[in-house]
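To keep things clear, I will list the structure first and then write my remarks on it.
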Amino acid sequence: MGSLTNTIQAVPLNHYILLSTIIFSIGVMGVLLRRNAIVIFMSVELMLNSVNLLLTAFSVYRGDASGQVFVFFIMALAAAEVAVGLAIIVMIYRNTNSIDINVLNRLKW
Amino acid sequence: MELADIAIKFGLIIVIFLISLVIAMYSTYAERKIAAFFQDRVGPNRAGPFGILQPMADGAKMFLKEEIIPANATGFLFIVGPSLAIMTACIGSAVIPWGQSVTIGDRVIPLQVTDINVGILYIFGVVSLGVYGVMIGGWASNNKYSLLGAIRAASQNISYEISMGLSIIALLMVTGTLSLGEIAQQQHGWHWNVLYQPLGFLLFIVCAFAETNRTPFDLPECETELVGGYHTEYSSMKLGFYLFAEYINMFISSAVMATLYWGGYNYPGMDFMGNLLGPVWGPLFGTFVLFMKIFAFIFFFMWVRWTIPRFRYDQLMDLGWKVLIPLAIANIVLTGIVITLLK
Amino acid sequence: MELQSLPVNYLPIIFQMLVALGFVITTMFVTHKIGPKRVTGDKLTPFESGIEVIGNARTPMSIKYFLVAILFVLFDVEVIFMYPWAVNFRDLGKDGMIEMFIFIGTLLLGFIYIIKKGALDWD
Amino acid sequence: MTTLIIISVLPIVLLYLGLYKAQKALLPVTLIGLLAALVTAVMQWNSNAQPIYHGMMLFNNFSVAFSVVSIISTMLILLLSKGYFEKISKHVAEYYAIILFSLAGIIVMVSYHNLTMLFIGIEIMSVSLYILAGIRKNDFASNEAALKYFLMGAFSTGFLLFGITLIYGSAGSFDLDAIRDFVVTYPRNIDPIFYIGVLLIIVGLCFKVGAAPFHFWTPDVYEGAPSLITAFMSTVVKTAGFAAFLRLFSACFITIADFWTPVLLAVTVLTLFIGNITALYQQNFKRMLAFSSISHAGYLLFAIVALGAASANSVFVYATAYSIASIIAFGALILVRQQTGSDNFEGFNGLAKSNPFLAFVITISMLSLAGIPLTAGFIGKFYMFSGALSQYKVWLVIIAVVNAIISIFYYFRVIIAMYFRDEERAVVIVPAYYKFVLGFSALATIIIGIYPSFISGLI
Amino acid sequence: MTVSILLFLPILAALLVLLFKNETAKHAALFFAVAELGIALYFLSGFVPDASFQYVIDLPWIQDFGIYFNAGIDGISMVMVLLTTILVPLIILSTYQHTYKNARAFYALILFMQAGLLTVFTALDGFLFYVGWEAALIPIYFICALWGGQNRIRVTIKFFIYTFAGSLFMLVGIIYLYLQTPGKLYDLHEFYNAGLDAAHQSWVFWAFFLAFAIKMPLFPFHTWQPDTYTEAPAAGTMLLSGIMLKMGIYGVIRWLIPNAPLGFLQWQNLAIILSTIGIIYASLIAFNQKDGKRLVAYSSIAHVGLISAGIFAWSVQGVQGAMIQMLSHGINVVGMFFIWDIISRRLNTREISQLGGIAKVAPNFSIAFLIIVLGTVALPLTNGFVGEFLLLKGVFSYNIWFAAVAGLTIIFGAVYMLRMYKNVMQGETNQLTAIFADITASEKLVLGIICVLIIGIGVYPQAILHISEASVVKLVRSVNQNFANSKF
């Protein structure tokens, strides 16, 4: 893995951290600001993917494969979340014909 | 990378690109001729001798036709759909090893655009992206037939992708690498993978048919039910893109099948031929062999199309989920056990 | 000996994408320019076998398609786990094989369950 | 490990039982399976466990204790489920299976020894709960609860993961021992990103345990979800969340406590006040329980704020006390709701006359939740206060005391409704299963209240 | 024979009473209460009046926190145990004329409460003390809230919240002290040796003081009391005023001052001032009361104010006076509430202005009432006299002006009590009171015993003072030693 490590390390680690943080923040902002359940959901996925990116970068910098294995787990569990989440969203849509989370205020906050 | 290398890569890319376009064009011609042959007709015979210029005429027509974007369609996505379809079809060829490296002077030119260590995953990724083209196009049309076609296409593609992935896993257990270049090298001579993975190949080819939306799995564009399926609303070059993408996909999947299972550019006695023909023409002969295999597959695609009737949708899904996936898993288990026992 | 991939190996792929993109854009542009334009209202309505268009096409569709999509996501991701295993199959040996077979077995149990449950029946 | 295997295999068996229409066998099989898991867990006790599977899991006494309490609580809740799911839908086996899957996640959460397993455990648990929250498919509240829980849960997972990643980035490992070694060895030059990671993990975990200011999903989800599921969420799940929280912080971050304690202090105080004061204004019993569960999260956070050798014990006792008391409350709620059709306090009016037994166990449960002596809840609060005081967090305890006083108002509302508000009402039918669960829980509450050595001092 | 039998018998009795029918439950309860009294008397007979703890039980309870089930009786406790065990049967007997619905629960709760009270009075372990403290609270809450008057729900929850709030602060204090003990024990004597500095002791003082002041109740923490007394059923009021508020006073003697002597020294003045204010304030309000039960309630605040002032003055006489006055006040106030219970049960009113001339129609009743009133106003040769005398002496030795003000209470008390007696009993009968029937046998028994006790203690107070003297002297000296040490 030597040469690959060298190449990836040509980019400073801070850049990866910064990039991931930015992507993560975009995801957070998406969750907080958007009203469409699907879009919120996609924002969450964005957050998870920024984590994946950062994990991979750390993993390569550290020369430790466990970070990349973690990425696998994140992907698998994100998939499980997708499955359940989509099912829930479809269920909501069938009951209300909308996926705007503003209609979801029958239970008061 | 030196400038010369880049130039060579660009050259290779453009050559491969043009070849795939030409092959796609002439596949349409071949399809018609073969259909005619099966149906005891003549087929295209007006444009040029034996109608050989027919694809040119078709192409010109595509350019000259009126471009219609329906009023209710989502304009941007309506254009993106076909563009994506053809783009994904075109970039798949990047990792296919077309032949052994050609040595001119002291410069070694690999006949492969790039040999990355996740080649197979790259192909899968590109193929998966292909469904977006269909899906976006069908959805953007805002036409009921298109939408239904698009959904069918999506649903069918993803269903068969699982069994495709599973069938590849058995192959990977044999090869131990994801690089297509390496897989091709391993099949030197007659050590073709199909000998070790006959079931895997069978599964793969079925899935390849489904992935390219070819008959008997062409439900997304099934004329009798859906008019034109996802491309009902398309005209002019955008329609052309969809049709083109289908043929390019067919070409690429044939190439992948040939590389993965049928030895790629390898053929029995290639060492002898290589010595005989020298460092330039030896590899190029391998490339020629590869193309022969590809053409055979393309012919097979067409043969099937004009022989076997279309599946019903439930049959299609049943085949994909209830037959292919268990078979693929069984294949993995079998391969695993055999390899472990033989070791 | 494992093949090494450098970022530079991916450069040709970007080249190829650029070539494809160029091709698409040029062709689109050219057809757009040279094709005739005679727009009429009827021409722009969605094709519906010649009868009046009723409603929007984007209505809810059968839940079966969602089900297939969700199942795909699940199974495809599980398949991902097998790739690293398959590539390193010979190194992992018998233990690795048994472990993965347990995994496959679990997967298969779930698979049989959904089939029995009728999740994949298209009636 | 056997425990975990049994609990993972059991739901698969149940799913297949459901396929072959063996509806009658579901509950017995579940209970027998859980009993087997319980036995194997108890046998692990004091076995001087080492991390297994490359340091992924560690089944020490801490995890055994929490596994046992989770399994027992689940068994009690499942006993209440007889006939409950049948009314909702015909896919009964699935519900049992999902609850058990969730329990499997919980077992992982209380016995992880690697952040990977923490994440996996939390996700297995949460994903199952997302489904469970929405099992009343046509009930809008249930739908909404599911979606809210799902979005918030996934959101918080993002924070948790980012935190884990940053910690991995600076410590170079997911292993708890390795992280602790890292913190202990280089206390002077820990990366700032490590600290940010700790903060993000706090955010993520606070989301999961429903601590303010990340609590806002809790009341809605608890109210919207079916009562039985709410019971599961507010007892077993919360216990597991705190066990996981505690395990991580006591194993890894104890030496940098100065850094995160102020943050958690603020969270604790906020949680206590928000939970208690909003609970005061509720007209709905279930919603009141939801807010009270937030405030109990605040008390449980004491153990982490005042992290010490006794913390695990305090969390264990408190969580056990809270769980059994909540099980009584939810069990009674299910019965009352079946009769009156509403979750409001009015539904309890005059219950003491028609159902003295039911009223009595509810009283015990409320007293325990309020922390009155001779009930388990008092012992829990006592341990928490002792822990906090031993770290000289006197002001925190004073605030907690003020909150305990506030909580009297809403817990006693139920008692007042049952005993002092006269209303002619029919007798609520209490099935034998319920009688057993309610009686058992009430007895356990009192026994632990009188003789806590029974369960305390174990860990 | 250890004190545990005294603590567990009432619990057992409470459970057994639940098994009886509602009609016979009161007999069973009375039986058990008398049996408890018998045990207490047995303990008394073997009691050696020195400063030691006797009949001690000491079992490990929650060992990881150093909590032991540790209880014993010394002179101070003995008096309190006597108070409890004498009054509970009397109270049960006083309810014979009532028919409570669900009576077995009622009596079970009374017995359960007795267990809590006895635990408080004998506990030598901080944790046990707290548990007993709360265990006594829950039953009385239910007694008042289930069998009380119109406003019971609001009033009793107020009562509960007040006392619970106070006791939680005490819990904090107890835990805090525990953490300071050298041996990490909840043991009382360990607490005495905790060795905190004055600043910390002042915090501990407040933590305990709040709980006790609310319970006693001391001005300004008394606002729950008149309402609760008025709304509670007669037996509940008797329990509250006769025994329960002594928990607070006992707590001050045993737990507050010795645990935080230096803290106490800082706040002694304030405590006495509050007590004195309480005396004046309650007396003034008592003047204006039209409701007899309320009047007694306020007079009780005044008396308690005097007791606490005597204790806070912290001299042997003061504390001894408090001991005997607790017993006397318990007896008197129970008698007083019983009188009012009898009146309100017969005439359905407690308005003093509506009554009059009862003495004519009910001579026995009037004699008993008179004796109780005289006891309450502390006439010599009644029980009240000895106590108030000693208390005033104690306060006097602390500060003459406080003593003077506190002394007023005797005069005030005499005035409003005698005026009440005059208005109720003397004069002409009116329509309402003409039909007043004289007391029945069971009532006679209760009032008779009370009168005997009033006169008996009044004539021979040494019997009681003797019991507690040694313990009080030891306690006061040890605390004063602490004061002395702190000077240097």
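Glycine is treated like the rest: Cβ placed from N, Cα and C.
All TrEMBL annotations are machine predictions without curation.
For reference, TrEMBL has these:
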type	residues	note
TRANSMEM	B:6-26	transmembrane segment
TRANSMEM	B:75-99	transmembrane segment
TRANSMEM	B:119-141	transmembrane segment
TRANSMEM	B:162-184	transmembrane segment
TRANSMEM	B:190-210	transmembrane segment
TRANSMEM	B:241-264	transmembrane segment
TRANSMEM	B:284-303	transmembrane segment
TRANSMEM	B:323-342	transmembrane segment
Intrachain neighbours beyond the transmembrane segment (B:241-264), with Cβ under 8 angstroms and 6 or more residues off its ends: 20-21, 23-25, 27-28, 82-83, 85-86, 88-90, 92-93, 96-97, 120, 123, 127, 130, 133-134, 137, 168, 171, 180, 183-184, 187, 190-194, 197, 200-201, 204-205, 208, 211-214, 230-231, 234, 290, 293-295, 297-298, 301
Sequence-remote partners of the transmembrane segment (B:284-303) [C-beta within less than 8 Å, at least six residues beyond its ends]: 23, 27, 30-31, 34-35, 38, 98-100, 102, 111, 209, 212, 214, 250-251, 253-255, 257-259, 262-267, 270, 273-274, 277
Range from B:6-26, B:75-99, B:162-184, B:323-342 with most C-beta pairs under 8 A to the transmembrane segment (B:119-141): B:75-99
Contacting positions for the transmembrane segment (B:323-342) when only residues 6+ beyond its ends and CB under 8 Å are counted: 160, 162-163, 166-167, 169-170, 173-174, 197, 199-200, 203, 206-207
Long-range neighbours of the transmembrane segment (B:162-184), counting only residues six or more past its ends (CB under 8 A): 95-97, 110, 112, 115-121, 123-124, 193, 196-197, 199-201, 203-204, 206-208, 211, 256, 259-261, 263-266, 320, 324-325, 327-329, 331-332, 334-336, 339
Spatial neighbours of the transmembrane segment (B:75-99) far in sequence, C-beta under 8 Å, 6+ residues away: 13, 16-17, 20, 69, 110-116, 119, 122-123, 126-127, 129-130, 132-141, 180-181, 184, 231, 233-234, 238-239, 241-242, 244-246, 248-249, 252, 255-256, 259, 264-265, 283-284, 286-287, 290
